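Asker: Take a look at the following structure, please.
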Amino acid sequence: MRCWVLAVVTAVLWSQCIPLGWAEGRKVPKRLKEGAPQHTEAFNTTLSNSEELDGSPKQVGENQRVDPLGSWMDFVKRPVGNFPGKCRKRKRPLPGPPGPPGPPGPQGPPGAPGAEVTQEVLLREFKEMIKEATERRAAVDRPSEPSQLPTALITLEGMTSYRRIEEAFHCKLKGPVVVDKKTLAELQNFQTPPAKGAFLRGTGMDQSTGRFTAPVTGIYQFSANVHIDHTEVKRSKSQLRARDNVRVLICIESLCHRYTSLEMIVGLESNSKIFTVSVHGLLELQAGQYTSIFVDNAAGASITIQNGSDFMGMLLGV
């Protein structure tokens, strides 16, 4: 009787366990399939020695929760550079066109005031412009072959060197002047010849007295050509001595020994009837001082200064 009761209970229990086992068998694979992509383990899960030695995969229980911190640590500690091939071969997108320009910035502070432009600076720049323009024009107009009449190119600097001479003269003696023996005579009575070429500029030259008075202090150039007739000396040739000579001087204030003078000494041994004594040089005159020509006859007979003897002078500079 007992055996029959046990057999009935066993059969009932067996009939109830078969459907439950079949359902569990269908559930477990689906759960494993869903959990395959996210295989994580609890941060505080401890494995036994037998589980560590066994290489079988771990099975997560149904009631075991996933640790977020452990999952994050696994993500952080993943190997770098192990990306799929598709990500590595993907081309970066090209940059787009540049955007519109931004608005202008604020105005900066005012600069320092410029240099003061004076009249001298403007004049110097104007001279440089004229010089450059003249050089360019000369380079363009220069002929390939030399011509007989070259074009005169006068620059602004060159014009300053050809300034007008305010004081200058060229006059000649009107008539003959006799100078006695052992006599120092001053030549006077000059005139400006009517022929072209002679000139008289300024008011410094007094032709009646033969004296030129300096209007300003400066350097002056003087020249004199004195034509001498020594016929009387030749007639008395027996009396001619070695010390007989004629001196022509251009003196300052008629003081030939006190001031520097221009001097020329000539002997009387010439065979010609008339000879010329020329003297020229530079003198510095103060304003108001005058110069004139003196003839010193040291011979034993008189001599005659011929008309046409000339006296020239000009102001070189202050």
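In case you wondered, yes, glycine gets a Cβ from its N, Cα and C as well.
Bear in mind that the values here come from a model prediction, so they are computed numbers and not experimental data.
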Asker: Which residue from ASN44, ASN307 is recorded in Swiss-Prot as N-linked glycosylation site?
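Answerer: The candidate carrying the N-linked glycosylation site note in Swiss-Prot is ASN44.
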Asker: What counts of helix, strand and coil residues does DSSP assign across the compositional bias 'Pro residues' (94-112)?
Answerer: 0 helix, 0 strand, 19 coil
